Amino acid sequence: MWRLRLLVLAVLAAGSAEAQANSSDGFLEFSVGKFTYFVLSRRFPQEAVLRHISSNVTFLLFQIHSQYQNTTVSYTKTLLPSTSGTGNDRGLVFILRPEQTVCTWYLETEDTKPVQSVAVTLSYSERDPIPGGCNLEFDLDIDPNIYLDYNFFETTIKFAPANIGYARAAEPPPCDVSTGQESRWRLRYHVYQYFLPEGDLTEASLLQHLQRMAQVVQVMASAVKVVTLTADDKTVVSFSSLPGQGVIYNVIVWDPSLNTSAAYVPVHTYACSFDSVDGNCVPPGRVSTKVFSTLFALLGLFTCFFGHRFWKTELFFVGFIFLGFFFYILITRLTALKYEVRLVLTAVAGSIGGLLLVASWWRFGILTLCMLCVGLVLGFLVSSGTFFTPLGNLNVFHDDGVFWVTFSCIALLVPVIFLGCLRILNILACGIVGSYSVVLAINSYMFTSLSYITLNVLRRALNADFRGAFIRVPFQTNDYIILAVWGMLAVTGITLQIRRERGRPPFPPHPYKLWKQERERRVTNILDPSHHIPPLRERLYGWVARIKELFQKEQPAGERTPLLL
């Protein structure tokens, strides 16, 4: 019985870790290690206090988080750039004086709407490294914050170097006097990434998951370590942007000599803006993208199941991809046209590319050229999938030359491997590429990481800075379902086409030769009824004459003059 009571007390104690702040008359009281929810408003700035600080605590790290509205945390009541920080995720480090047991600071917001926030105060000892303790770039003397910047292509985080810990009342170790193992140059920085649930843009979910990224133990248990930096490296890391997908980043500074660690202030992003005019964080997406991707998916789905039988339709699909991809890269890099205009021009250019490939097959009948295009499209998807794996994050592939040469070799390897069995290559391309177009269409309606298999390659071709970005995407329940749908469509399409084409010629005959043979047969065989069909030119003249007759007035019949009496 007493064990049950202890268990209940433990659960209640754990639940109190996420409590509302004790607030009265603009006064907030915090406890070490307890996450506190409260609301900040512009009219009522708050003074925060922490009491009963233990004597073995050397410094405190306070942090406050909100979803997209800015909050300000300051050492003093008067806001100055050197004593305050403003943003969605901001924090301060408090170096404690001897015998200090109480610490105060100030919180406020300039936003007109109330800001729902969560905050926590963490304590560290003299053996723990101090995040941002060797700041030379930002305004605060000691800056534990991570500064985030994003665009459509990449998200970049940067932070100030840390310093080794020291006791109360001691002088801080110099940052750049020496580079030995007794200085801050021995420190290591582990960069972690944590994905929020896909499609979840709620404030409550973000504030809850941020609690998993504040303390060292929880960060190491919940997030994925992306890269480790030394003191010689720049404290800047880039990631591929995922618009509409919530991501939390944090940095753990580790002292290998003392085996101690400390966490910076975690920072989050959705790679989009909640308060923009377009509201681009909130679905639905662009109508133009939905129309384009849906029509493209319908053509791809038809190719997946019937592409080899309807050879010319498949060639149009392949030519559309081939020319449309390169044309979109060209106009995006060389012009400043709006997205909708570029999408329409890409659709027109892709259609021209498809018609050209069909026309070249009809006139010249060069099977090798057509299958080279088909094989390269399949090879492009295979190569994109290869670099979608952790292999793409190797440092050697951050060089554009190495990346594009390797990418091209993998893409060329696919048609070379299937050089002796072109029909199998064609059916595989129909099934895999055609079914993947459905994945791209799904991405225009709901987020799926699988679309970034090819979108990351497109981003790298469009933006030179993307080469240094780490490519990581969430793989959650929706992605497993869509991956199963993709695999099911591909396997079904390939199987049906292989069974249907048994006993048939590998490819249709040359259309132009068939047309010439048919024309010669009509000329030589006078018993053929089609021999008596007039030439095309005479038939066209006849059609034009009949159309003209429709617009001519009907002539009256009989006498035009009155009868003589």
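Note: Cβ is positioned from N, Cα and C throughout, glycine not excepted.
As written in Swiss-Prot, here are the features:
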type	residues	note
CARBOHYD	Asn22	N-linked glycosylation site
CARBOHYD	Asn56	N-linked glycosylation site
CARBOHYD	Asn70	N-linked glycosylation site
CARBOHYD	Asn259	N-linked glycosylation site
SIGNAL	1-21	signal peptide
TRANSMEM	287-307	transmembrane segment
TRANSMEM	311-331	transmembrane segment
TRANSMEM	341-361	transmembrane segment
TRANSMEM	364-384	transmembrane segment
TRANSMEM	402-422	transmembrane segment
TRANSMEM	427-447	transmembrane segment
TRANSMEM	478-498	transmembrane segment
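Sequence features annotated in Swiss-Prot and their locations in the structure.
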residue : record                      : Cβ contacts under 8 Å, 6 or more apart
Asn56   : N-linked glycosylation site : Ser125
Asn70   : N-linked glycosylation site : Thr86, Gly87, Asn88, Thr109, Glu110, Asp111, Val115
Asn259  : N-linked glycosylation site : none
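Scored by C-beta pairs under 8 angstroms, the transmembrane segment (287-307) has its highest count with 427-447, from the stretches 341-361, 427-447, 478-498.
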